[in-house]
């Protein structure tokens, strides 16, 4: 059987969403459960925020069932010796709050942003971290289990050079930022990841080379759908299981 090659076409320059439009997209929750990634031999699960010691971060990467299936497609389509690494999936609201507040405070301290209002800082922050939201009509993307932060590593577990670190606050973190020098390893690595994820049915947040979506409002926005299939969710708890049994 011939090994299928992934297209490594250039990454297009795409605008960030019009947030007000995205938040108005209806959600028709499909009810898929969250599943853990660490049980898969084909995917490297490395919960980055837990490893960083961020309070409330979970030590497992959870995603919706269809997202899991698509990640398997990506992992099995990569060239020999290259592995898919998932750094984050479903995210607790308290972690989202911490990330957003930390970034806003960093921006406030930066001299370049000294004259900006809080609303202006919020727009800048959204290119890297979505504001925490408990609104059922517009949850934070990672709360849906449809967002994943991903990268690549070699067969020994060494992360491939993507040109920036995961979560780096830099213009070079935009997905297409390296397309002016496509011959570099960093640009080729990004293309490999991008094309594999897009081909599997994900969409990319253009300000973050690592962030991909399926099923949520971000995905619906970029695919032109009028409904998302994932709203906010959470992993099963023992209390929930006992409540189900009592019912």
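Including glycine, each Cβ sits where the backbone N, Cα and C put it.
No curator has checked TrEMBL annotations; they are predicted automatically.
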Pick the one from 94, 211 that TrEMBL also lists for the Zn(2+) site with 142, 149. 211
What count of other C-beta atoms do you get within 10 angstroms of the C-beta of residue 91 (site 'Transition state stabilizer'), across all chains shown? 25
Quick one: which residues besides 142, 149, 211 have a Cβ within 8 Å of the Zn(2+) site's Cβ centroid, in sequence order? 87, 88, 89, 91, 141, 147, 148, 205, 208, 210, 212
